[in-house]
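According to TrEMBL, the feature GTP binding site maps to Asn38, Lys39, Ala40, Asp41, Asn66, Ser67, Gly162. What TrEMBL lists as domain 'CP-type G' is 1-166.
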Amino acid sequence: MVDLVLEVRDARIPLSSAFEPLKGVYSSPSFKRVIVLNKADLADRSQTDEWMSYFEEQNCVCLKVNSHNKNSMEKLLNFIQAHTRRMTVDKLNHTTTVMLVGIPNVGKSAIATNLHQIGRIKAVEKGKLKHAVVSSVPGETKDINSFKIASHPNIYVLDTPGILAPKYLDVEKSSKLALTGVIKDSLLNGYEIAQCFLAILNSGDKYKSWMNLMTFVDKSSARHKESLLNRSDVSKRRKQFPTDHTQDFIVRDVRRALYDSISSFKGNLGSEKDMIRLIKTQFLALHEAFRIPLESGEDGCSRVALKLLNLYRIGRLGHYTLDSVPRVPHGPID
């Protein structure tokens, strides 16, 4: 019933976030599909470019977007309109229907809402905007909703619930889906998922970029403290809330704790036993960075894990792409 399908994937896991239920349909020559790599701002930029090239080699149209960036959404809307005009060149007054599909929490509802808002602002007719429910929690979209995103020709987008087929999941894929928030945290052991992230961080070199940042922040903090001491109007001082782990001074302390622990570690990171030992050390340091008392026990470890995962998921601890580009083409894209 639809003219175009936008399969939304997470740019951090371009292969693991593939939409399995329509896998067989993609082989049909008449099926028009575009892969949309959302959350490109959270992925490694160079690796995203590699994935884009890979999809092009497979003769698959692919776009990278950030659903929360207006310019990115305008480019996506322009692409859809141009694509629609090519498809309907011989059809008068044709109404085009575009369907968004994908697994949970890849940003389908955010894309639908923002396309709709931009489209209605540009359209001749103005009206009350109908927004999709947008949430960081997977499974919020329950029904299929329709949103008008363009006029002349008329284009509607269908926002569909995310579907994840458990029978297709293996341990590695499940870990990647859990790290990116596709699977609800309440269904998982947050401590184990946070361990997965730390293992990735410890095995790479992204943390090294924090060395110069530490020096810069220390100097800035010293100047800031001096200015506060010299300021007579203390009511104008910026409030700091230790319970808000996304504040810059908390993120700085988290980065420092992780950088120091990796830099000073004397073991072999290729050894599973040594990696586990380092991760345990990091969790102790993160308790202090997040201002969570060690005496809080197991509940404290869970709180540290969830705060750490949240910082990773919003890009405050670096941008990571968890899927590697296949080096040898292996037929149609899954």
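Note: Cβ is positioned from N, Cα and C throughout, glycine not excepted.
On the structure: features taken from TrEMBL.
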residue : record           : CB count, 10 Å
Asn38   : GTP binding site : 28
Lys39   : GTP binding site : 28
Ala40   : GTP binding site : 25
Asp41   : GTP binding site : 17
Asn66   : GTP binding site : 21
Ser67   : GTP binding site : 24
Gly162  : GTP binding site : 21
Rounded mean pLDDT within the domain 'CP-type G' (1-166) lands at 83
If you measure every Cα to Cα pair among Asn38, Lys39, Ala40, Asp41, Asn66, Ser67, Gly162, the residues listed for GTP, what is the largest value in Å? 21
